[in-house]
Amino acid sequence: MGDLSSLTPGGSMGLQVNRGSQSSLEGAPATAPEPHSLGILHASYSVSHRVRPWWDITSCRQQWTRQILKDVSLYVESGQIMCILGSSGSGKTTLLDAMSGRLGRAGTFLGEVYVNGRALRREQFQDCFSYVLQSDTLLSSLTVRETLHYTALLAIRRGNPGSFQKKVEAVMAELSLSHVADRLIGNYSLGGISTGERRRVSIAAQLLQDPKVMLFDEPTTGLDCMTANQIVVLLVELARRNRIVVLTIHQPRSELFQLFDKIAILSFGELIFCGTPAEMLDFFNDCGYPCPEHSNPFDFYMDLTSVDTQSKEREIETSKRVQMIESAYKKSAICHKTLKNIERMKHLKTLPMVPFKTKDSPGVFSKLGVLLRRVTRNLVRNKLAVITRLLQNLIMGLFLLFFVLRVRSNVLKGAIQDRVGLLYQFVGATPYTGMLNAVNLFPVLRAVSDQESQDGLYQKWQMMLAYALHVLPFSVVATMIFSSVCYWTLGLHPEVARFGYFSAALLAPHLIGEFLTLVLLGIVQNPNIVNSVVALLSIAGVLVGSGFLRNIQEMPIPFKIISYFTFQKYCSEILVVNEFYGLNFTCGSSNVSVTTNPMCAFTQGIQFIEKTCPGATSRFTMNFLILYSFIPALVILGIVVFKIRDHLISR
């Protein structure tokens, strides 16, 4: 290949890495730390897809199988860093998922993953591997120190507060984060730390449990060249501290070539090569493809092992070349050495223990308390979200206020009609404002819980419950602000007790709307779809259950039965009784009667109550109990849904 001096760690870019003494399982010195090994033996993964669209019933049994991984075997030891190269769709991320036990249920996995010669069981993967994904899923309104502090509280049982804080400070120092410890994480709209620093925070969160095997899915994605190089050098340093580091990478610079202990190349799920940088140069030289001088070996070998699909001729030509190289590797001494190392570790008389992460997590309620504090601190710092949450109902109420101004007692001037219209809006709009809050705020927390639950920090339902508990005081305050302004200004029933009942009756649908949205967000990934579904359910509930548009007693039996399962029925009856009971109406001048104007049929509020919802007066307390029973029912349903989500995603 020519002079490789420009590719060494001390080359032109000045990438200095302490190579240290790589721990080797073959004759390791007595003073070396405990060595560990990771082996993947004959890993294959395939998924099946329907031949035609889902609506084509005739083809429901016709499927085609796509092979994503094909007989991949790798071996790496502690103190080493392995880089996995490959074009898009080559199977790099799937291979990491296979290593970490995160493959989906939709496919079929064949092969074994060995750590220290022991085949891992499904429940052991989570406790053995730390996995840093491409995207940094962090809460933007927390500082770096707070982010790591809360992660540590979730991962490690708190003992001595001093030693606990020292752990966080030590990890920040190890990853050069101390100078930004008190800065917010931030996001695209909120200033914060840089993208490279966010990536280091994600790595630091994993280091808190002292993992011995760390996996990184394209850790340099979205970073500039210098920052990407710094991240790779950091990972090399982590590997030198008796860890196994495996990462996928996209278009690395040539200066990094000699930093990796092993380099693997995938093409369409097949392992084209896996060995040291020196072995790679010799192997491709022997295949007749020497890397040109002054070329980036990563780019050269990536192009060499990729299939060009721009034309049929080029596809055939490049496919033959890739197959030739893959066949040569399978027959090479490098491949045989990999298989031999795995088999040797499997048959040791005394197998080393599997290096699990620090596993001393706190109890369920302790984790729930930590999550509640973290969620509250993160959301309270979002000033716009807090203002929106508190004033959203009020803004809707101001529109009603300007439109109606003040209700009257004269039936001919809309005394009943205005009140019914207001109650209809109260019942229909309050669940929707709750839904808007959840759709706006919870998806970020859901993404965090999806990742952290796979890391074994907690279960997804705990994040959902923490959010639900966080919602309660904000919802109470928001409802009281709305009620205080609208109730008295609109001139509704002038009794303080009635005001209290009114506020309590509106708090329930607001919470129900938000909790119903949480349940659906546990089922449906797209928040826009959840928005539409909740809106449709709210509209349907008001139409069927409120009795404002059509008397429930006059509805067809199926709709009448459905109305009993809508919270709008009970909320509407409470509001109607609360407002109309004890009211007396006038009907124009004294000489106007029912015979001259049918609208004068209702001169007392009780008459309207008995006409629209008979017996609601005697059911007032029961309606409150039933209305508020929807809240714990939705919370329990949400826990079940998120437990199922946890099972589906984590397994």
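We count from 1, first residue shown onward.
The backbone N, Cα and C atoms fix where each Cβ goes, glycine too.
What you are looking at is a predicted structure, and each value in this text was computed from that prediction instead of being measured.
In Swiss-Prot, the entry for N-linked glycosylation site among Asn187, Asn591 corresponds to Asn591.
Judged by membrane topology as recorded in Swiss-Prot, Gly491 sits across the membrane from His647. Counting Cβ pairs closer than 8 Å and at least 6 residues apart in sequence, the transmembrane segment (624-644) and the transmembrane segment (501-521) reach three or more and so form a contact. Away from its own ends, the topological domain 'Extracellular' (490-500) comes close to residues 400-401, 404-408, 419, 422, 483, 578-579, 582-583 of its chain (Cβ-Cβ under 8 Å, at least six residues beyond either end). Here the topological domain 'Extracellular' (405-421) has Cβ contacts under 8 Å with residues 489-492, 548, 579-580, 583-588, 592, 597, 599-600, 602-603, 608 of the same chain, all six or more residues outside its ends.
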